[in-house]
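Read the structure below first, then the notes.
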Amino acid sequence: MATELEKALSNVIEVYHNYSGIKGNHHALYRDDFRKMVTTECPQFVQNKNTESLFKELDVNSDNAINFEEFLVLVIRVGVAAHKDSHKE
């Protein structure tokens, strides 16, 4: 039986594949699908951010796509922000 952390990691992978698979390449999240993903899946995180500049920051190899490793940087950023919010009173 999967642990809570294993379930959470599976969900992260599933979200990535749901959007990266739109264009048929499960290893690349393209600009328009990235925009759709962040505005749908983490709207509070991106409400005051430019998705284009965020895409460029994450695309460290400059191939105009976000691979899974680059996507995990976004997951970390959102996780850190959510953790901070969880401690606000």
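Cβ from N, Cα, C; glycine included.
Annotated Ca(2+) 2 binding in Swiss-Prot involves ASP59, ASN61, ASP63 plus, out of the candidates GLU41, GLU52, GLU70, the residue GLU70.
If you take every residue in the domain 'EF-hand 2' (46-81) and average the pLDDT, you get 94.
For ASN61 (Ca(2+) 2 binding site) paired with CYS42 (S-nitrosocysteine), the C-alpha to C-alpha distance reads 24 Å. Annotated pair ASP33 (Ca(2+) 1 binding site) and ASP59 (Ca(2+) 2 binding site), C-alpha to C-alpha distance, rounded: 14 Å.
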